[in-house]
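Peer 1: Under the heading disulfide bond, Swiss-Prot lists CYS24-CYS41, CYS34-CYS59, CYS63-CYS71, CYS72-CYS77. Annotation source Swiss-Prot lists signal peptide at 1-21.
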Amino acid sequence: MKTLLLTLVVMTIMCLDLGYTLTCYMNPSGTMVCKEHETMCYQLIVWTFQYRVLYLKGCTSSCPEGNNRACCSTGLCNN
């Protein structure tokens, strides 16, 4: 019984997030931990003059204006 209780305590401590941190995908690759005031991830699709698609990704405090954009508020959701 003590072993089970100790296991539950250890698992709770390991899974407990002591501070809210949002992680988003960024450009050109990889991830970034957002600042405290940045509460959303975004993905913005931009068409270049050569008809190439450019994906801009990162953290933001408000969703960018316009079409071809997506915002979300959970970790790694802007893939």
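A Cβ is built for glycine as well, from the same backbone N, Cα and C atoms used for every other residue.
How about a rundown of where these features are and what they're close to?
Peer 2: Sequence-distant neighbours of CYS24 (disulfide bond) (same chain, 6+ apart, CB under 8 A from its CB) are THR31, MET32, CYS34, CYS41, TYR42, LYS57, GLY58, CYS59, GLY75, LEU76, CYS77, ASN78.
In the three-state DSSP scheme, CYS34 (disulfide bond) is classed as coil.
Cβ neighbours of CYS71 (disulfide bond) (same chain, under 8 Å, six or more residues apart in sequence): MET40, CYS41, TYR42, THR60, CYS63, PRO64, ASN78.
The secondary structure of CYS77 (disulfide bond), as reduced to three states from DSSP, is coil rather than helix or strand.
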Peer 1: In the structure shown, with every protein chain counted, which of the disulfide-bonded residues CYS34, CYS41, CYS59, CYS77 has the densest set of Cβ atoms within 10 angstroms of its Cβ?
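Peer 2: Result for the most crowded candidate: CYS41.
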